Each structure stands twice: as C-alpha cells, then as structure tokens.
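What TrEMBL records for 21-39, 45-67, 87-104, 110-129, 136-154, 215-238, 258-281, 341-360, 390-413, 420-436, 456-478, 485-506 (among others) is transmembrane segment.
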Amino acid sequence: MKNDQVKYSDTVNILSKLAVSLPYLIVIAILIGFLFAGIMGRLDFAIRGLVIAVPAVISAKILRGIYKNKIEFENISISFGLTQKQLIYLFFTVYFSSLSIIFISSTRTWLYLIVISLLYFIILIQVFSTDFNPNFILLQNILCMLNLIYSVTLKYPLYFGGTDILPHIFMSQVTYISGHTIPQELSVGYANFPLFHILISQASYMLGLDISTSYFLLCAPVFSLSSLFIYSFLVKIIENVKLSLLTVILYSNLSVVIYYGMYVITRNLAFIGFLVLLYIVSKSKNNMVFRFFGIIFTLFIILVHQVSTPQILAVILLLSMSEKFIAHCTNLNKKYWSSSYIFLFVVLFLGYWFYLAYSFTSTVLATRFDSVVNDAVQIKGSVIAGNEWIFLYNNIDTSIITFFIVIGIGATLWKYGKNYSAVFSFASLLFLPLYLPNPLQTLWQTMTLFRFDRFMLLISPFIAFSMASGVFFLYAFLRMKHIKCLHISLLILTLLMVFIVPSLFFNNPEVGLNTDRKYFTYEELTGFNYVLNYIPYGSNLYSDYYTERYFCHKKFKESDELGLPYYNSQTIRSMDAISIHDGYFILKNKAFLERGLNLGGVDSKFYLTKYDLSEWNKLNLELNKKNKIYYSSCVSIFDT
C-alpha cells in the first residue's frame, strides 16, 4: 500500500513538474527560435516571433507568481450596477441598431463592426456579473454569430471567401438537377463524399429557392449551433457554467471561427459533426442510444469531407492520449474515449477510403508521395521578408490568445491535475504548434501539401477553453495583489476587447484594402451571365484567379442532357497568353482599380496591383486589338 502511494505521488509530481517547468520551457523555446532565425539569416522570422515571444514571457512571469502564491481558480462575479434584465434590454437595443446600420449601408462599415464589438462587450459583462442567465447569454452569442455571417453572405451579391464556395454551389446544382450524386469525372475528390451537396440541394427543394440563396441561408444557422454544442459538452464534463460560457464567447471571436462562419464549406460541416460527436461522447457512457448516434455521426464525418476525417481522427487520438496521460499521473475518475470506439473509427475510415473511395485515395497518396520524395522543403510564397511588420499588426489578437492560453495551461496542469479540465489543457499544449505561429506554419509542405492550416478550426474549442481558464486564473492572481475586483474586471474586459476587435475587423471584406476582394459585385455577375448566356459551351476562358474559379463548370457525360454549362477556364498567367491562346479573355476593370488583380492563381507572380498601371494598360492595349464583345465599367470581354 505504501509503495502504491509513493508511485502515485511520483506520477502526480510529473504533472506538477511539467507545469512548473513550463515558464522555463517557454523561454528556452523562444531563444531557440531566435537562434534558428539568426542561423538562417532571416531577421524577419525573429520579428514575427515577437507575436508569441512577448506575451509568452509575460505569462511565464505571472505563472511563477501563481505557483509561488498557490493561487486557485476563481470565478469572476462582479456587480456592474446593471441587472440581468437591463443588460438584456441594452443588448437587444444595440443589436437592432446593428441591423439598421447593415440595412442602410451598402457594405459592412467600420461603424457596424464597432457596434458588434459593443454587443460582445455587453455579453462579457453578463458572463462576469453575479446575476447571469446562461441560456440568454448563449442565445445572444448565437444571434451575434448569425448577424456577422448574414451581414456578409446575404449582404454582398456573391461572397466566395477562399473560392471553394463556387465549385460547391455548382456541384450542389448538379445534384439538384440530376437527382443523384455527382459523377467522378466532375470531381474525384467529392464524388464519394456527397453529403454536403445533398444537403444543399434538398434545402433548395424544400425552400423553393435557388441553390446559391439556399446555400447561404442554411449554412449560417448550422455553423452558429457550434457554440451550443461546445457549451453542452463542456458544462457536462467540467461542470463550471461560467468557464463554459466564456469559452464559447472566446471561441466565437477567434479569427479562424469568424472566417469559417462566413466561409461555410464541407470541412465546416465535418467540424460540426465532430462537435456533435464530442457531445455524444460526454453523454454516451453505458447508453446504447447515444452510442448508436455516435456511430451515425462518425459515418457523417467520413461521408461529408475527405481530408477532415484523418484530421479529426488525429485530434481524437491526441485527446485520448492526453486523457490516458493525465489518468496515469492522477486518479482521474472520468474517462470518455474508449479504445474500441477509436478502433471503430479507424476501421470505418480506412474501409471507406480504400474500398469505396479508392480512386480518390490512390490519387491523394500518389500526389503526396511524389511531392514528399521529389520536392525540397520550401518556405511558403507568402512568407517573405518585408511584410513582417504587417504580420505583427495583423496578429494583435494572437498575442492576447498566447498571453491567456499559456497562463491557462500552466495553472490548470499545476493546480487541477485531478480534474478533466487538465485533459483539455494538456491537449491544448499539444495543439499549440498547430494554432499559434511557428516555423511549421512557414513551410509549404505542412501548410499546403498536408493542410495543417485546417487543424485550426478543429482545435479552436480547446484553444478557447485554455484561454478562458487563463482569464480566471489572471483574475485570481490580480486579486492576490489586493487590486479592487471592479478594476481587475475592467482590465480583463479591456484585454478581451483588444482580442475581439482585431478579429472582427481583419475578417471584414471591406477593411483589407491591400488584399483581394472576396466577393463579386452585381455588375461583375451581370458580365458573367453574359458569358453563360452567349458564349458557346466548351470555349476557352482566360481571366483572373477568382473569375476562373467562378467558371468551374466542367463537362461530364450528362452536361448536355441536363442543360448545364461547361467551359475550359484558366488564368491568364502571362502577357504572352494573349497572342498564344485562342478563346475569350475576361477582365475585371473596377476590381483592378480598387485592389489589383491576381492573374496567375495562388501564390502567383503575375499579380497586378492597382499601381501597376503601365502593365495594365499594356494588357488592355493588346486585348483591344481583338474583338471586344462586352463592356461595362466593371467587366470587359474579348474574343480572340
């Protein structure tokens, strides 16, 4: 018995030592990073690293104070002089003001974003108040998410984000008209993963609306429900309402979540399936009904998006490993991830990929293997010296995330190793390289070839959880300094608003004037409709990257029978393309004057900024020698 106690004490010590050593590990990691940048001769890497280094060092100092003074987690419960009822009235007054602003203005203005920021400030006050109602707070958060999403997807003529929305609309249209899933000749990647397109096409049938409108109407409420599932599984597992609520609010304001709220595609639906699965796992112990639904949603994840399945499996494996590690170190009495379920997930995933979706699997494995073997490790084209100060400016929110998350992880592992919150904190520690900027995120192989960037959405709830934990531990730490509770709360609210406001502004289509416009205007769509109505199917189209993505209509066996358009759409790529290629050239005149045009695709060198007037005039001069068949202030179409 005595030996067992010694063994248990040693394992608990491992967790405590890990937490206590975290501040020193952070400093060592930062120094290694700066040394690495110096060896490579890339001072810009060191400057970029300041986004993480500065807040991490401050957090490390605070962690030492928490350990030294044996500070415990403490909920924030402050009286701000306003009742819950008054705060709710205030929220809805401001909320309807935001709706008025978005209806009156032609775009999402800075005033609208300030009002949305004020809404989140009101929600945070409710979370930190002594008198609060979780249900009302959740409802307000969902309403804010819907407001933000619809203010883009329904406000602009056609928002496309990262452009995958455009082919998904077309594939949903094919599913709608044909009455069956898309053929492999249209898309090997999605022919065997059809659930998203079935959902959109059926929504179009039921609503009696076109595919595009149904797409945007349906996706917003589906994604907004993610906060409800996160709250439900967190409050069930960690049994702390305020911590769960704050996690949900911070999750909703993570830059990656705001972006994917507007840019809902197949991977988002897989993410929602993953959240539902987390909720089911938290409820399904010895319950056959929940186990059955767990299998159903596992199949849903597999069928809705290909790449998300192995990534979700990797996240589940890391969560399971974290659970086993914490259980080994402490007498953790809650365990949710069973080896049998993980084995089932692996079997279903591999079985489907290698037996029913083999054409896709063989293509993916061949291209990835070929790139790994033949391509040298290279830095992404977007990571260039000279834009490091812009990087710092664009990652203000990341610095606040780093500050709180380091405190949250270290303090939770040190003080609450026996609670399940330690599992989430340890998992967050493992997830950090996938979320915070680091050398891995500068490589083309990790971010483009193996799509590490897509992990950010999957792990966002756990990042938000550790961040929320850090908020409450910081409050307890400052309380120990005998600072007034109200002053501490106002300081924390200020820090959180410094996190929220940049996240909202940097994901606004109208703010980044030096970046490409992520939507088409009515005039541009009118020009595109001319192509669909008058240019023969099967023609070669040459245009900028986003227009090329719009005309994603590929030919397949049933195209003519179903009356669907099809084109060979390409980017212009070079000035020589005008004399070399025959077909139709499409130029977006107004888009060039506003922000420039990407004429060569992702990471292309053939990018004309709005200041490259000589190149733009040269391009137009060459095309004007051809037959101009359509012209407006926004779009010109030439027949060569």
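Just so you know, glycine gets a Cβ as well, placed from its N, Cα and C.
What you are looking at is a predicted structure, and each value in this text was computed from that prediction instead of being measured.
Most Cβ pairs under 8 Å to the transmembrane segment (456-478), among the stretches 21-39, 87-104, 420-436, 485-506, belong to 420-436.
A Cβ distance under 8 Å defines the sequence-distant neighbours of the transmembrane segment (136-154), meaning residues of its chain 6+ beyond its ends; these are 84, 88, 91, 95, 98-99, 102, 108, 112, 116, 119-120, 122-123, 126-127, 216-217, 219-221, 223-225, 227-228, 231, 245, 248-249, 252, 258, 261-262, 264, 504, 509, 519. Remote same-chain partners of the transmembrane segment (341-360), defined as residues 6 or more beyond its termini with a Cβ less than 8 Å from a stretch Cβ, comprise 184, 188-189, 191-193, 281, 294-295, 298-299, 302-303, 306, 309-310, 313, 316-317, 320.
As a quick check, the transmembrane segment (390-413) and the transmembrane segment (420-436) clear the bar of 3 or more Cβ pairs under 8 A, pairs 6 or more apart, so the two touch.
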